[in-house]
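The structure under discussion appears below in the form of structure tokens.
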């Protein structure tokens, strides 16, 4: 058996008739499948055992030879070889066709490859192949031209005139003759000559023809192989026929299609033997051609062949195409053994790295391990009895199971797996019941809740797989989110509420101003009712053993609350005592003002102070990030578990409830509504008098009601007591926000109709008061639209992720430094006056391109090629530096990937990225995963042209697909000043005066100007509001201008929705869109003008020519959308499994393409280890990870085996 890991590349080509015969084990001569009485395959039929091998292991057709001892014997009676039945999956047969037929992929594809080779139109080809016209194959001495089409009538008249002096034929035979006559060398030279002078359409056609001719010349494929003499028959197990319960048979559609071909072929043979009239033979040949077309690609030409119930039959091409095709269903989406799924329930008692596995599920999943252990413990004699024991659930089994699952991690996956945190590893603990228990903190990463979600469990079997699961995938390791490097395991809901309640302060609580010698004493006071959690007290600072306190502070008293004393117990010793939710307290030390000298009157001191705010969700996240930064993984996951327990415990003790009395009704509400109504009436009056337009009236009414709702909201929030449970839930970040509360207690406000337009009648009631029928009806629109949008958005976002993954899947960190001589200048991303992304966010975790010096002192803050840390980034920003040059994926020189230095820090681990990290996939997931959070709609604001800019998910798709944007902005191509605005006919023009020339740009009337007369503008700058067309920008500002623009725009959309994504992810994607060059002229190189080349291929071709002092090729960069870029990848396996399968394969076969298996998808398809992570060649043969001196090797044999 071939070892999959030793493949170098995979090549595809056209099969010659000899090749097809060499694959075959025999000719299929009859259309029969199996005998209906004996249910055995018919001889020479589509399932023949003599050709394809026996149906039962080691047993021939007639039963003369049975058992394995006759292995390899060919039965003298029935001719079947005695071997395993699985050869029926690999042995092929063939059909000798009585007349040549054309292969529909090469004749019918776009562009028609046969047409390009012969320089004929597809229409003419079709007429010849389907016997509607004759084609002159040899004009002889007649005035006819080669390849001239003749109708039946013309052929007759010429035949009468010239007799046998010329040859004209019909059908695929004629085409084959023409293909064989072609001299490729001569044609290629002629085409290259023609290219030098040709223009327009002729040039395009010549380029296309040259490409196909070159392909045939270089690949070793013969052009005549596009015509088939022999048809391969695929193995029978791949087109099976199975008996159903009622004695009927279910068969693959391919068998029907093959039967049609064989029937027509046999009939044609008979007609030829009988010497039938040519018209009958021609008709039969045409029918054979159509049958073969239907077999290869049913429905490509004419009406598809249908089966019972008018269903089109699935041909060979359909077996590969689409989601149900071979690629996506079986090669990229295999189902795996050792897996199970069940409903999840919360497991608050679990540790971060644990999950609860139901006993009966564990028993089934770990069956082989249990059997082995039962035998090795002597509890069963052999594997068979061990298996029986497990099936009967013998009590011994449970003890063994407990031991087997120790230290054996399992993987939990929740669909949809939107990013890599959708599969994590846990150590299983056995639980009763049939539900999987999940740790509450990992829910955010999985986006799971416990309303009936299900999860799948997978068992890593091999030692390497277990090691990877434990070291890389354990839930306790995945604390940071790969998209922005922020903690993903922040507490939510109950846990937030508990910790918020715990850290609240209250005036005049029981025992206020008490003084305790240590935490324990305070706890006893709380438990015995002498103090409350919210009581402000003093405690001896030295008793807290906090390593951040100074000597002086330790001698003082610390003012805090009982709750905060309890909260700080969960934090590590050398962490500041957290007394207030500020960055200063978190990052540096407990503020000095909380320490008082002994002897101060504590009660008076406390009463003179303001209450300190409690710790909300965001601050808890900051604490986690800070602990992670200082103490790394292990300590953080322990602290998280303690924080979770604390939260659950105190949210229970808090006993938060929501009652109707908690929803306070605003007294001034009616007044505010009346005032708004008056304003609306006034606007209506103005409209009726014709002072304002319909649009203005609508916009103003909407604005009035929105403002009224905001006023009510502000007053409501102001009137709420901060002890109100609903307020506490919303304020802490546990659930709900101000808008939800306004709907409960104030008013619901304005609603959108099904088209997304805002209805101008507001809902004045709140849920507390109850809605009128009319109001209820209006609000159903919005609710329904919400659900519909969510469903559509999920599908759209999923498809976006799929395309992103496809285009970036081969971007892997391949080396540590590419040695590039270019950097990327970064500054804060700004849109007008608003900052989209501050400079500090763009610097952290990036490598500097040159020394960064302090502008005043001149000292070096960051060395060249050094990773910029948080502190260094802070120093850079504080020193007033506005822009820094960093290494970036945009400027990286690594082939097929990025280098360590240009990528910088791996956001998911907080340390340098390692060689082998699949950063392309991480980037795609980081951009795709928040896609569901983006809005769907294009905002319509009453038809003002400039405002209808696409936002949210559609805008992201527009950017990554490099489409012409909606609401396109007009941009200037030259530097200069805005001279004037001219009015021409029905539009206006902006005139820009450059140094040398003057340009004018036509602008629609309703566009909104971004510049005024006298402004200085740069090339590529927008003159009107709207989105820039990136392709236009590429021509004006070049690659760097487009890269900057796309990065800024993608970040703008995400940041507007409050989603943070690391720049480097967007850079990786944009790099993939700009990796091709379109050749303009080929110079002395071999490359074809008009062809698309990878950047490095183009450079290599030029380098070669320059070394020989020839003329290099010229090219211009192109921006491809992600779908186009995926299909243009060098790997035909990856492209074929993405979209347009048949087109990609047709093209690859003609070119005889080699797939070098550099990306991840291609390797998954052929079943090889992916070339990323531990699958990279340089890591492949590391046994133990220990580099031992040679002398030590013998002595430590035992140790290596345990590693």
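Every residue gets a Cβ built from N, Cα and C, even glycine.
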Feature region 'Disordered' in Swiss-Prot, mapped to one of the ranges 1156-1179, 1180-1203: 1180-1203
Which one is it: of the binding-site residues 451, 818, 902, whose Cα lies the shortest distance from the Cα of residue 62 (Zn(2+) 1 binding site)? 451
When you measure from the Cβ of residue 449 (Mg(2+) binding site), how many other Cβ atoms are you left with inside 10 Å? 12
Once 818, 892, 899, 902 are set aside, which residues in the chain still have Cβ within 8 Å of the Cβ centroid of the Zn(2+) 2 site? 815, 817, 820, 887, 889, 891, 893, 894, 898, 900, 901, 903
Within 10 Å of each Cβ, count the other Cβ atoms and name the one among the binding-site residues 451, 453 with the highest count. 453
Taking the Cα atoms as reference points, how far is residue 902 (Zn(2+) 2 binding site) from residue 449 (Mg(2+) binding site) in Å? 38
For Mg(2+), what surrounds 449, 451, 453 with a Cβ no more than 8 Å from their Cβ centroid? 344, 448, 450, 452
Residues close to Zn(2+) 1 site centre defined by 60, 62, 75, 78, Cβ within 8 Å: 49, 61, 63, 64, 65, 76, 77, 79, 80
Kindly assign residue 453 (Mg(2+) binding site) to one of the three DSSP-derived states: helix, strand or coil. coil
When the Cα of residue 449 (Mg(2+) binding site) is compared with the Cα of each of the binding-site residues 60, 75, 78, 818, 899, which one is closest? 899
Report the nearest neighbour of residue 78 (Zn(2+) 1 binding site) in space among the binding-site residues 451, 453, 818, 892, 899, comparing Cα positions. 453
